Amino acid sequence: MKKGIIALMIITLLGSVMMTGCSNNQEAVSNEPSSNNESLKKMNIGYLASPEHLLYFVAKEKGFFEEQGIDAELFQFTNSAEGLNAITAGKLDVGSFGVSAPLAFIAKDVDVSIIGGQNSGACAVVSKPEKYEEMKDLKNYKGKKVATVRLSTADVIFRGALLDQGIDWKKGDVEIIEMESPAATMEAVKKESVDAGLIWTPFVAMAEDQGVKIAMHITDLLENNVCCRQHVLTSKLNEDPELWENFLVALIKAFDFYQTNQEETVDITAKYVKVDKKYLWKETYAEDATMITSPDPLKKSTIKYWNIMKETGFIDSDKNIEDYINTDIYKKALDRVLKENPDNQNYKRLLSDFNKYN
Amino acid sequence: MRRVLNITNILFVAIIGLELLLPAKRSSEIIYTQELIGIIIGIELLYSLNMIYKKDEKKRQSLGDITALVYGCILIWELLTTKLDILHNLLFPMPGEVVAVFLSEIPTLLDGLSSSLYLLTIGYTLALVTAIPLALIIGWRKRLFLAVNPLTKVLGPIPPIVYIPYAIAILPTFKSASIFIIFIGAFWPIFINTLNGTFNIDKRIIDSAKVLNVKEHTMLFKIILPGVLPSIISGTTVGLVLSFILLTSAEMIGASSGLGWYVKYFSDFADYPRVVVGIIFIGMVVTGITYCFDKIESQLLKWKN
Amino acid sequence: MYKIDLENISFGYEEENLIIPVIKDVHLSIKEGEFVSIIGPSGCGKSTLLSLLAGLNFPSYGKILLDNKEVTGTGNERGVVFQHYSLFPWMSARKNIIFGLQQLDKNRNQKDIEKIADEYLDLVGLKEVSHKYPSQLSGGMQQRVAIARAFAMDSDILLMDEPFSAVDAKNRMALQELLLDLWNNGKKKKTVVFVTHDVDEAVLLSDRIIVMSANSKSIKEEINVDFSRPRNRSILSKNNTYTELRHMLVQLLFDDLINGTESEVWEAS
């Protein structure tokens, strides 16, 4: 009996070691078999389960990556810091884990470059309807309690906006309560243990159904705000700039698709973000949606965000963030796409955006 | 007739009655009456079949008690949510809705089960085959024990979640990083319990073996290992529990399936019907696995009084 | 030539840089085939003496010789029966005996080993329960298995440390008879060293009784027991010599108890 159990354990161990050895990669969400074509370059892409990252989903599902010679595999992370760890360790090639995380890592001497964008907006401050009148004006925030998820984009921008108003939360003018997730923040707001809470998509769309009102959109706090940026290890960037140009071309094409194929985009996104499609649509395409999806690097806004992070004390660095933002590759990619499709309105818009925001 | 009129069956009728007769207070597009009645009838069928075929009076009684408890919980749950709408409607979905969602989620849950079992099996087995022999050897040599024991007190309590960035950086794949988290969670309780058991083994057993002139490896594996088995088993039990608890953390690393991933994912999205489904399903899986483990344990320890 | 020689044996254990003496200056010689009992009050060191003979401990001073060779540890020529845990709880009675035999000679045929085990289990009357675990056997049965194993392993010397003390009176008598039976009827008479605190038991079983003292931590008295064998319990109890001997032994033990204990302590060298 004992021998049997020991034998069973050893067989299981051997079997499992063999299995681990064989299965070298995590299965991607998509059931598409990875191509055996040798000319495709492998790329590990990290994402968060959010409609904010739809450019990745569309580029993968519609074959834009493959077109550009990239065999992309998508890996889901729940936590931006861990995603950045994976990038730092070389286990992921690229990710768009917010904007606080990459900037924080840059401040800690990790040589990461911002080469493009993913989205901006899509955050809001919510409060119960009774408090709406008060909480819709930042001036009234003195003495109030606000729930937030630390270092999230909304959190950083909010704290910066408070300081601009002369409300010093560092000295306790506002009591900031740090929560684990937007879901937890919502509960705190609903229970009225706080006066307002900072959330992001898809909770913004769900807000009304849950009995809270959107007091302020992130655009009310900071007009040209940024959210998730594309970040790559600079060393990897320099190794093969052409690969990254192709990568951005794929995202640019995905942008075009997203603009023109609303329903299919929502369907694709729903594969990766298992939330009711009506909310996804609301966040992505509704008229009052604040989420702007775009591959544009938004250099100027990123620099502003860096400064806000320094002001609010989240990072301490005298680096020049411009050294870490590379817009050349994006420009090359955009030019290439425009050359192939000179009459495409979406690409033309991207070009004018690029000139305006970088 | 007496046997049929027990508390379990009374509760059964009560729930059906409650469901059909009392109007629903909660405002919801669907009330899921069918699903609730369906599950109740299902449970009652299982219960009745067991009652007919099981002969042991004690087992029948406890089965009846457990079923009655289940009915009781469902009754209160339905009352507090659908009928009286006392509980917060987002966090506490209706039982009928949970049933409906459960049924539709079965493919995803089964897929998640196989994914989680893969991690658990490898991680846990690795922990077993490393912790037990190491602990036997170290516990047996006093000098080694005195050197290693304080270290276990420092390293043991470290929450495995802390190792995640290091696991990602050092190990080749995300999956192996996930397995590592399970491994380290299970390793320490097994190691520490085996270590202490070995060090504190009754000296008289050792003397008995010594006078039989056993060789060193016989001593370790035929005398100490079985002698320490009760300690090992308390370690493996704790290790198993911890493995499950750590599933959520382990499945945060680049995963898009798994039972732990499932509960966290939908919790992040405030999709609480799915969260409850996930919790119930995990409960079923854990029950099944610990049942098997208990069977193995009683077989291994059948020599104990 | 003696089978067992204890020359000038002393033993102490170290505690905070001092050595606490347990046995002091013990000289003892035992002939082959002799049945020797060691009795004494608790703290006299009799169990320790047995553990030294078994090779589980080493004397602080002095030598132990077996067949004129110095003892360096445990050995197959000595079988041991303890008061508790003689058997391994996770092995059945049968397996315990088989295990012991396997340790003697790994290359021996398994079938032969099993045959011997069954034979001895039968001899001690436990054939029916051979598959049971020690926890399923009474204390008396467990000791019977231990004795069966010791005899199955056929060692020249048998060391027994209060083997029947944890057993009730009736079973104890049965076990004493069993032991004498096996000892008398074996091919070669084993040399037995038997530790006990039961005076009657010592007289019934032994050729010689060694009385140890808790005060001197040494041998107080050696007494020959000359009753012819086989010894009958009820006949003996009516014998005057027996009664006198018994009385004397009890007195010796009692004296030892009421005289204060020297608490002498040695310096750790």
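Glycine is no exception: its Cβ is also placed from the backbone N, Cα and C atoms.
Remember, TrEMBL labels are computer predictions, not curated facts.
Annotated features, as they stand in TrEMBL:
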TRANSMEM  B:7-24  transmembrane segment
TRANSMEM  B:30-50  transmembrane segment
TRANSMEM  B:62-80  transmembrane segment
DOMAIN    B:113-293  domain 'ABC transmembrane type-1'
TRANSMEM  B:117-139  transmembrane segment
TRANSMEM  B:151-171  transmembrane segment
TRANSMEM  B:177-199  transmembrane segment
TRANSMEM  B:220-247  transmembrane segment
TRANSMEM  B:275-293  transmembrane segment
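Residues 6-8, 11-12, 14-15, 18-19, 36, 39-40, 43, 47, 50-51, 54, 86-87, 92, 94-96 of the same chain sit 6 or more residues outside the transmembrane segment (B:62-80) yet have a Cβ under 8 Å from a Cβ within it. If one looks beyond the transmembrane segment (B:275-293) by at least 6 residues along the same chain, the residues whose Cβ comes under 8 Å of a Cβ in the stretch are 93, 98, 101-102, 105, 109, 113, 236-237, 240, 244, 259, 262-263, 266-267. The transmembrane segment (B:177-199) shares the most Cβ pairs under 8 Å with B:117-139, out of the stretches B:7-24, B:30-50, B:117-139, B:151-171, B:220-247. Of the recorded ranges B:30-50, B:151-171, B:220-247, the transmembrane segment (B:117-139) has the largest number of C-beta contacts under 8 angstroms with B:220-247. Sequence-remote contacts of a segment are chain residues at least 6 beyond its ends whose Cβ falls under 8 Å from one of its Cβ atoms, and for the transmembrane segment (B:30-50) they are 8-9, 12, 15-16, 19-20, 24, 60, 63-64, 67, 70-71, 74, 78, 82, 94-97, 99-100, 103.
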